[in-house]
Each structure stands twice: as structure tokens, then as C-alpha cells.
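Please read the structure below before turning to the comments.
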Amino acid sequence: MKSNRRLIQVLIFLGVIVLGGYAIGNSLFADGGGLPRKGSKPPAFALLDADGKTHRLEDYKGKALVINFWGSFCPGCVTETPDLEAQYKKHGDKPFEIVGINLSEDRLTINNFIKQYGVSYTILQDNNRQVESAYGLKSYPTTFFVKPDGTIMDVFIGPMGEQDMDERITKLLAS
Amino acid sequence: MSLLDFSSDAFIVAFFLYCFGFLFYGVSALGRKWSKRSPEEHIRRWGRVAYIVSLLGFIAHLTFFFTRWSGGGHIPTSNMYEFMSFLAMAIMAAFIVVDAIYRKPLLGLFTLPLVVIIVAYAAVFPQEVQPLIPALQSYWLKIHVTTAATGEAFFAVGFAAGLMYLLRTVDFKKTDQRARREQRWVEFTLYVIIVIIAFIGSVFGFRGAGYEANFKQETVEIDDSGAENSTVNTVEYSLPPIFKPYNSQVVTMDSFLGIDKPLFETPHWMHGVDAARKLNTITWSIVNGSILYGLLRLALRKRIGAAIHPLMDGIDEDDIDEISYRAIAIGYPIFMLGALIFAMIWAYIAWSRFWGWDPKEVWALITWLYYTAYLHFRLSRGWHGSKSAWLAVIGFVVVMFTLIGVNLVLVGLHSYAGV
Amino acid sequence: MSAFENTKCECGHQNPTGTVLCENCGYPLDPEEESSEAPLEMRYDGIARRSQKANPNPIDRVWNFFSSVKVAVRLIVITLIAAMIGTIFTQENAFISFDPTTYYEGKYGWIGKWYYKLGFSNTYESWWFIGLLVMIGTSLVICSLDRVLPLYRALNKQQIRKHEQFLVRQKTVYTGEIEGPEDVWTDNMAKQLKRKHYKVHMEGGALLAEKNRFSRWGPYVNHIGLIIFLLAVLLRTLPGWSIDNYVTVAEGDTVKVPETKYYVKNEKFTIDYYTDAELPKELKGTARAKLYETQAILYTCAADCDDPSKEPKLTEVKRHNIIVNDPLSYNGIKAYQFGFDDTPKLKAVNPVLIDKKTGKSYGPFKLDMRNPQLNFELGPYSLELRQSYMDFALNSDGKPTTKSREPNAPAFVFLLKGPGLSDKGEPYMYFPKQNDKARFSQDVINGELAERFELKVPAMEGVEFTPVETSLNIRYDRAMPYIWVGAGISMFGLLLGSYWQHRRIWLRLDNGRVTLGAHTNKNNYGMRAEVTSALRGIGIVVEPKSLDNGRNKS
């Protein structure tokens with residue numbers, strides 16, 4: 001009887017600690033509006049490139065990956081493009097990829113942009129803002145740094161300077 | 001539309017019958033001192049007359065309700081006027097139920113004025129039948145609003161009994177600190193009620209006189225891109241402007257008691273919806289309420305509470321305490337069902353979520369938590385009697401804030417029910 | 001409470017620590033109760049709460065904390081005040097995009113600044129508010145458990161013959177001499193009480209009548225319901241248990257619902273307003289919405305779902321006209337009418353190319369705003385689309401750019417080729433909107449070419465707008481059934497506890513003298529009325545008021 005009672009007490013406290021801890025923890029680490037967190041896996045996507053070829057997130061498994069959301073209407077995106085291109089060239093020999101996901105603009109605009117800035121990394125076209133909203137974007141540009149194991153190392157919101165980019169990509173390649 | 005006209009007439013009839021009912025309850029309580037009959041006989045007789053008149057008022061009120069329902073095509077609980085008059089009707093129903101259990105004529109002396117005030121307050125709002133917007137087109141409008149209001153009506157009866165208890169037990173002759181504090185608060189409660197009466201009186205007085213004042217108000221707002229946008233709105237007053245809107249010009253203004261221009265300007269930091277008009281109305285209510293209170297004090301030559309207190313002689317205070325508690329205990333499950341559970345079901349159907357922390361929802365929860373605390377307090381012996389009565393009085397303030405305050409002061413999804 | 005308590009009653013029963021009234025005979029053990037003359041404290045029948053122990057250890061102390069109703073009420077009051085504060089200013093989650101760090105201070109001054117800093121701008125999701133709810137939940141479990149089991153035991157093995165002290169200190173008491181033999185009297189009384197639906201137990205000159213015991217369990221059933229409700233709310237936060245998405249679908253379009261395998265089509269969207277005839281005279285002339293309706297079709301994807309190079313193969317699963325109070329519902333997925341956008345957006349124009357010299361026109365051709373065709377053959381001329389800008393502007397370097405991806409101020413650069421033009425072609429800039437054409441001086445940009453050619457939409461029919469868009473809220477909530485079950489159980493328990501009262505009447509006969517005590521957990525008024533009526537049944541007439549014990553002190 002007595003040990004039974006103690007057992008029930010302990011069980012209830014355990015329950016409270018687990019459930020209550022989960023509830024409070026949830027509110028403590030609530031993500032602001034669904035942007036994927038560091039350490040989590042980015043949402044999957046399947047999008048077309050300029051040649052009509054399908055690219056999927058899982059195609060890049062095992063490689064260091066930078067996912068950059070951009071649009072020709074966003075001045076910050078335009079200014080960081082040459083630096084991204086330089087980084088891509090610099091690390092061309094390593095298992096490293098950059099994917100630029102366009103923010104649902106049209107084909108012509110994207111092709112003109114690729115031509116104008118001589119972009120050689122993969123540019124994909126989002127449709128109807130689907131991937132953009134899956135990634136919870138609120139402002140542009142936003143860049144995700146994904147480690148070869150498929151988890152997010154860092155998220156950068158806003159235009160990156162050369163140094164921001166270099167630091168993160170170096171760290172990404174070291175992981 | 002003649003059905004609706006008939007309905008409006010029934011509303012007025014109900015109002016006057018309630019007034020007479022109150023009057024007769026007054027006679028029954030006041031008159032036993034000077035009546036030739038024995039006090040018990042007097043109370044019984046006049047209590048009966050008062051009860052029948054009030055019951056007739058209730059029947060007229062029901063007639064109003066159902067004819068308006070049939071004439072308007074939907075249940076009349078969809079705007080402030082309809083809701084408030086339904087609430088008054090529900091309070092009458094709750095009173096009838098509680099009175100059937102306890103048979104205490106004096107309960108009517110406190111419930112009837114409450115009903116009269118709420119009916120009059122309902123009439124402050126626009127009275128036309130408004131066709132339902134899509135969000136309200138659901139049978140849950142009938143179920144949710146009526147049950148929630150019924151629960152609240154029992155809380156109102158609990159409040160009436162609580163106030164009655166206080167007026168019965170607070171000794172206005174004692175002068176120790178505790179007694180003085182209780183006297184002050186009872187008096188303040190009565191003062192607030194008088195201010196509310198003054199508010200309704202002022203609105204109808206000036207409306208009857210056709211008073212009008214118009215202002216042009218310029219508001220400057222800075223938008224996201226940093227540009228200044230100024231908009232000019234017309235603000236209409238139906239009470240003479242003590243406070244004119246901030247940064248505004250008089251367009252037209254009837255003169256009142258020789259005052260033909262506004263006395264003050266509303267401070268700039270009050271910029272809620274219609275803030276200036278609300279401030280002006282509140283000022284008028286307090287001024288008129290204070291005058292009314294002063295006149296009553298002069299006429300009675302003592303505090304109002306002290307004047308009412310002797311009328312309560314001989315009433316069993318424990319019975320009133322129990323009535324107050326019982327009314328709340330009856331209302332609590334109904335309130336939970338209507339204001340929380342049915343509300344959640346409807347919110348789930350209409351707004352896709354059962355709970356969204358909308359101010360109205362939060363205040364329904366606050367009301368529920370409040371009465372939950374009340375019921376748990378009652379479990380311990382120390383919280384019977386006067387503490388419990390105070391809780392019942394404050395509880396009704398919480399209820400009224402949930403019903404009216406949220407719509408007038410806070411913003412949210414329930415705003416369609418506003419003025 | 002003293003460290004050592006004598007818990008052995010004079011009737012010989014050994015009670016647990018903390019017992020107020022002897023479990024056996026009901027004699028008050030608590031010294032304070034014993035010396036008093038007021039009605040007994042009958043809460044939980046005077047039993048010892050489970051947790052009351054002589055030497056509490058830390059776990060017991062925490063347990064005792066949550067086991068106290070006083071603590072529970074305090075928690076409720078704190079939650080209530082916190083909830084009130086949370087309604088002062090609009091909460092963060094009511095906004096779609098804004099910056100809370102500046103908004104509150106900007107709008108409400110220093111009060112707003114502190115409101116934000118103290119975390120009240122997000123009260124209901126904050127860790128401390130959730131923490132309060134967790135504590136209330138804990139208290140619900142422990143308070144109930146601590147009381148319900150001992151109470152169950154106490155009510156299950158009730159002694160019929162109680163101590164006289166116990167009877168005369170109930171709230172409803174009657175004592176008197178009886179006439180005739182004792183057993184006849186008790187039998188008559190038992191008959192009366194049975195007629196009032198009491199269960200009657202008798203034992204040598206003592207009687208216990210009881211009814212509606214189940215109502216005692218009401219509060220505990222209610223608490224169980226509340227706990228289920230709270231747990232169900234917690235369940236919703238598990239990954240995969242709920243989906244909350246918004247899709248915007250133009251009339252005629254089919255759109256994928258994010259996070260699901262479903263697609264939704266908007267066949268037709270309708271907005272109806274009340275006509276003046278339906279409106280009262282105060283509202284005539286105002287646009288008062290009567291109906292928002294999306295005729296929707298829900299599809300699942302059968303094949304090629306995840307390949308943007310192919311069209312997905314869809315199978316229709318449900319067709320429903322969604323209105324505000326009537327969502328589409330399929331397999332737990334619900335689609336709610338949320339909003340609409342009927343501001344006209346340019347979709348396509350059908351311009352013609354005019355040769356100003358000859359006055360001849362070629363075309364029209366269709367120029368879509370989104371993904372337009374790139375080459376157009378117009379009689380002897382050809383147009384090649386080179387650039388498009390959806391929201392034309394000049395950047396700081398004076399170069400053309402677009403401000404957004406919405407066709408607010410579309411502009412197109414064509415290469416015009418044909419007779420009398422250079423072989424490489426000549427660039428021609430085209431602003432389909434008339435006001436943009438003037439604003440950005442199209443003719444100046446095109447220079448000499450503007451005098452020879454013009455692209456122009458001949459009539460209003462040449463302009464196409466996007467159809468009305470409906471926005472639907474797509475929800476999936478696996479925990480909803482548990483939420484309703486919890487709410488239902490809680491409501492059921494509340495009804496049991498509120499509208500029925502547990503009533504018990506004890507009486508004992510000692511040498512021709514009857515002592516009767518009655519107890520109810522609620523509504524003593526009704527209890528007295530019932531005892532009066534039972535007594536009247538056997539010929540004893542009393543005023544209900546006279547049974548009232550310990551009140552009307554005067």
C-alpha cells in the first residue's frame with residue numbers, strides 16, 4: 001500500500017515533468033513563423049532549371065550546399081550574386097553546390113538575369129511561391145547553408161557581404 | 001414590416017411593465033412600515049402584484065423577441081441592441097427560476113432595476129434589423145449566444161443577491177475601519193450604478209432634444225514608406241462636446257445652456273476608435289451621475305446605502321447568501337457550455353480553429369476562471385457571507401466587461417457586435 | 001497541527017493522520033472542531049487527505065503544495081490576471097508582418113515598450129503562461145487524486161449509527177420525543193424517505209438514508225475531462241498532428257496544398273451583397289456581404305506528383321461549395337473560406353502593331369504578363385521579346401529594374417524587325433498601361449521609332465484581368481476528437497455535480513428520543529424542505545427554518 005502510493009506519486013511527477021517540460025520547452029523554443037531552424041532539415045523541393053531539368057533537394061545529399069533565394073526585384077539579391085558566383089568558382093573542385101531559387105518570376109527574367117551576371121551555378125524557378133512559403137521566408141534575400149549530412153548549419157537573412165559568405169562557406173566545407 | 005413595428009411596441013411595453021414591477025417591489029419593501037396591514041401580509045400582497053406585473057413584462061419581452069425573430073428572419077441576438085435586450089430577458093427568466101425556488105419577493109427589488117437598466121441600455125444602440133453577415137449565418141448563433149447569455153443572466157441574479165446581501169449586512173452605523181471600508185465600497189457600487197443610469201438618461205435626453213454637433217478631424221499618419229498621409233473625417237456627437245476631437249474644427253454645433261463651443265480638446269494620445277466621443281460621453285455620464293447622486297444625497301440626507309439598509313431589516317441574510325451562491329452555481333455550467341464549449345465548436349466551424357486567443361474569447365475564459373475561483377473559494381468556510389457577496393458583485397463587473405467592454409475598448413473578431 | 005496527534009477515536013477506531021471527523025462514528029477529532037459548537041466541517045466527509053502525513057519528505061512537500069485547493073485557486077487567479085493583461089494590447093500573433101521591437105513602443109509609448117519587454121505582447125504562447133497552465137493541470141491531477149480515493153472509501157463503508165455529536169452538529173437537525181414503538185416509527189420514516197428516492201439502511205434504532213451519491217463524483221469527472229482537454233491541446237503540438245496552411249486560388253486554377261498530397265481547384269467564386277430591398281433604411285446603399293462562396297474540388301495526386309516537368313495526374317475526391325460556416329471536409333482535411341482578393345490585376349493584353357505611315361495595323365497578338373510568348377510574327381514584321389519588368393522603375397544607377405513581381409507597372413522591351421528597319425532589329429519599349437506610358441514617357445524612350453510604329457490595345461476588350469482569387473485556410477487537426485471528448489467529459493461532470501446534490505439523513509433513537517441530522521453538499525434549503533416534508537409524512541409538523549442549525553445566531 002505504502003510503496004504503491006510512492007510509486008504513483010513518482011509516476012505522476014515524472015508525467016508532469018515530461019509533458020510539462022515538453023509544453024514549456026515548445027513555447028521557449030518556438031520558431032518565429034516557421035523558418036527552418038539551425039540543425040533541422042530543410043523542406044524538400046523539386047524544381048526545374050533553365051533547361052527544364054528537375055532538381056531535387058536529395059540530389060545534393062553528401063555535398064555542402066548553399067540555397068539562396070533571390071529575385072530580380074530585390075536589390076540585395078542582385079548585389080550579392082557576383083560574390084556567390086565567385087565563391088562557386090573558387091570551390092569548384094570541392095563537393096560543394098550553390099542553388100539559387102528564384103522567387104516565382106518568369107522564365108525570360110530569369111534567363112536574362114543568368115546571362116547578365118554570368119551565373120554558372122544552378123538556378124531553379126519556384127512556382128506560385130510554394131517552396132518559398134515552405135521555407136517560411138519573410139524577407140529577401142535569405143540564404144540557407146546546408147551541411148553534407150543534410151542539416152542546416154546557418155540561415156542568413158538579408159544581403160551577404162563577401163566576408164559573411166566566405167566565413168560560412170569555409171565553415172560549411174570544414175564540416 | 002408591421003411585425004417589426006409591433007415588436008418594437010412590445011419592447012416599450014415590456015420596459016414600462018418592468019419599471020412598474022420595480023415600483024411595486026419598492027412599495028412592497030418600503031410600504032410595510034406605514035401600511036395598516038401586518039408587514040408580512042403587506043409584503044406578500046405587494047410582492048405578488050409586483051411579481052405579476054414583472055411577469056407580464058417578461059411576456060411582452062418574449063413577444064418582442066419572437067415577433068422580431070419572425071419579422072427579421074433571424075434570431076435577434078446579432079448586434080448589441082438585440083443581445084442586450086436578450087440578456088435582460090434572460091435575467092428575467094433566471095430571476096423567475098431562482099424566485100420559484102426561494103420565494104423571496106425582495107430579490108425582485110434588486111433584479112428588476114438591473115433588468116430595467118439593461119433594457120434601457122440596449123435602446124442606446126441602433127435598433128434596425130441588420131441582415132446577417134456570412135460569419136453569423138449559422139445555427140450556432142442561436143445556440144451559442146442564447147446559452148452564454150443565460151449563464152450570464154444567472155450570474156446577474158447572483159450579483160443582485162450579492163448586492164442585496166451587502167446592503168443587508170453592512171452596518172452603516174458602525175465606525176470601525178472595516179465597516180467604514182465596506183460602507184465606502186457599497187456606496188461606490190451604488191454610485192457607479194447611478195452613473196450608468198445617468199449615461200442612459202443623458203443619451204436619451206439629448207437624443208430626444210435632437211442635439212447634434214459635427215466636427216472635422218484631421219489625422220496624420222505616417223505609413224510604412226515614411227510618407228505623411230492626412231485624412232479628414234467627420235465626427236458626429238449626439239451629446240454637447242465637453243471634449244472635442246483632437247485636432248478638429250467645429251462644423252455645426254447646437255448651443256446648449258449657452259455653451260456654443262467645445263470646452264476642451266481630447267488629448268492627442270487618445271487615438272482609439274471614436275476615442276474623443278467616448279471620452280465626451282463618459283465625462284457627461286460622470287458629471288450627470290454625480291449631480292444625480294448629489295441630489296439623491298440631499299433628498300435622503302444620508303448615504304444611499306444607509307437609506308436602503310433599513311429596508312432590508314428582517315431578511316434572513318444566510319438565505320440571500322445562499323441565493324447568490326445558488327444562482328451562480330446554476331449559471332456556471334450553462335455559462336461554460338455556452339460561452340466556452342459551444343463557442344469553441346462554432347469557432348472551429350467558422351474560423352477553422354477552436355481557440356484563437358481573441359480578446360472576446362480570452363475574456364470569456366477570464367469570466368469562467370473567475371467563477372471557478374469563486375466556487376472553489378466557497379469550499380472553505382471563511383469565504384461565505386460578505387466576502388462571497390463581494391466576489392459575486394465583482395464577478396458581474398467582469399461579465400459586463402466581457403460583454404460590453406471588450407467590444408467598446410478592445411478590438412477583435414467579435415467587433416461586428418459593436419456600436 | 002501538532003507533531004503528535006491522537007488519531008484514535010473514543011469509539012475505538014484508529015484514523016489516519018489529518019482526519020477531522022472519525023471515519024467510523026463521525027465524532028470530531030480535530031481539537032478545534034471538538035470544542036466548537038458550529039456545524040461541522042463536512043468537506044470530503046472529514047477524511048484525511050491522502051497526502052497528509054506525519055513526516056513529509058521533499059516529494060511529499062511538492063505533492064502537498066499541489067494538493068492544496070488554496071494553491072489551486074491562487075494559480076487560477078494568477079492565470080486570470082495574466083490573461084487580462086494579455087488583452088490590453090493586440091498580441092503579436094494577430095499581425096501578419098510587423099516588427100514587434102518597434103511597433104509597441106511606436107504605438108503606445110513607454111507602456112508599450114515595457115509591455116513588449118516583459119513579454120506580454122506574446123502572453124499566451126509565453127513559457128510562463130504555458131507553465132501556469134501546466135501547474136494548473138498538475139494541481140487538477142493531484143488535488144483530485146488526493147481526495148477522490150479516500151472519499152470513495154469513506155462513502156463506501158459508512159457507519160449507520162453515528163455519534164450524537166455528529167448528528168446535532170449537522171446544518172439540518174431535528175430532535176424530539178416520539179410516540180409509539182421505536183421500530184414502527186423508524187419503519188414509517190424509512191417508507192417516507194424511500195418515497196423520496198432515498199436508499200435507506202437501518203441498524204438497531206439507527207437509520208441512514210442517502211441519495212444521489214454519484215453527484216459527489218461530478219467535480220472529479222469534470223477535472224478528468226479538463227485534464228484530457230489539456231493533454232489533447234498538447235497533442236496538437238506534436239509534429240504531424242496539425243496542419244494550418246493558406247492557399248490562394250484564382251477562379252479556374254488548381255493549386256497544390258502545401259504539406260499534403262492534395263490539390264484544390266476553385267471552380268467559381270461568388271460574392272453576394274444584400275440588395276437595398278433587403279436592407280433596413282439606415283443601411284441602404286452600404287455594401288453588406290451576404291455570401292462568400294468557393295465552389296471547390298479537392299483532388300489527390302495519383303502520379304507524377306513530385307515532378308515539375310510533368311503535369312500531376314489528379315483524381316477528384318470531394319466536391320463542395322465552401323461558405324463561411326460550412327467548410328469542405330475530407331478525411332480530416334478541412335478547407336475553410338478565409339478571404340478573397342478581387343482587386344483587378346493585369347493578366348494579359350492583346351495589342352496591335354500600327355504602322356503610323358500607312359495606318360495599317362497588324363495583330364492583335366496576346367501578350368501574357370506571366371511567362372509570355374517570346375516571338376510574334378505580325379505580317380511583314382516580327383517582334384522578339386527581350387526583357388520584361390513587372391513593376392518598372394529606374395534604380396539608383398538609372399538602369400531599368402523591377403520593384404516587385406506583381407504586374408503593377410509592367411514594361412516590355414521588344415526587338416522589332418521588318419521592312420525599313422535595321423537587320424539586327426530595333427528596340428521598342430512598351431508599357432501596356434496608359435498611365436505608365438505617360439509616366440515613363442514611352443515615346444521619348446523609343447525616340448524616332450515612336451514616330452513610325454506604335455503598339456496599342458485597340459479596345460477595352462483587349463485587356464484581360466486575373467479572375468477573383470479566393471483564399472482558403474486548409475486545416476488538419478488530429479487531436480480534435482480528443483479535445484471534444486475532454487470538453488464533453490468535463491461538461492458532463494459539471495452537470496452531475498451542479499444539478500444533483502448528494503443528500504444524507506442520519507437518525508438515531510435513544511430511549512424514545514429521536515436525533516436527526518441531515519447533510520448535503522449543496523442547497524441546504526432544499527435539504528430542509530425535504531426533511532420537513534418527510535417528517536410531515538409521519539405526522540410531525542415543523543417549519544423548515546426551525547431545522548436550521550447554527551445560523552441566525554441572534
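Cβ coordinates come from backbone N, Cα and C, glycine included.
Features reported for this protein in TrEMBL:
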type	residues	note
DOMAIN	B:78-200	domain 'Cytochrome c assembly protein'
DOMAIN	B:319-414	domain 'Cytochrome c assembly protein'
TRANSMEM	B:6-28	transmembrane segment
TRANSMEM	B:49-71	transmembrane segment
TRANSMEM	B:83-102	transmembrane segment
TRANSMEM	B:107-125	transmembrane segment
TRANSMEM	B:145-167	transmembrane segment
TRANSMEM	B:188-206	transmembrane segment
TRANSMEM	B:282-300	transmembrane segment
TRANSMEM	B:330-349	transmembrane segment
TRANSMEM	B:389-413	transmembrane segment
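Note: the stretches the transmembrane segment (B:6-28) and the transmembrane segment (B:145-167) are not in contact (fewer than 3 CB pairs below 8 A, sequence gap of 6 or more). The listed stretches are B:83-102, B:107-125, B:145-167, B:330-349, B:389-413; of these, B:83-102 has the most Cβ pairs under 8 Å to the transmembrane segment (B:49-71). The list of residues near the transmembrane segment (B:145-167) in space but at least 6 beyond its ends in sequence, with Cβ under 8 angstroms from a Cβ of it, reads 75, 77, 83, 86-87, 90-91, 93-95, 98, 106-107, 109-111, 114, 182, 186, 189, 305, 308-309, 312, 315, 317, 320-321, 323-325, 327-328, 330-339, 342-343, 364, 371, 385-386, 388-393, 395-396, 399, 403.
Note on the transmembrane segment (B:330-349): residues 94, 97-98, 138, 140, 143-155, 157-158, 355-356, 361, 364-365, 367-368, 371-372, 375 of its chain, located 6 or more positions outside it, place their CB under 8 angstroms from a CB of the stretch. Looking just at the domain 'Cytochrome c assembly protein' (B:78-200), the mean pLDDT is 91. Applying DSSP to the domain 'Cytochrome c assembly protein' (B:319-414) sorts its residues as follows: 81 helix, 0 strand, 15 coil. For the domain 'Cytochrome c assembly protein' (B:78-200), the DSSP-based tally of helix, strand and coil residues reads 98 helix, 0 strand, 25 coil.
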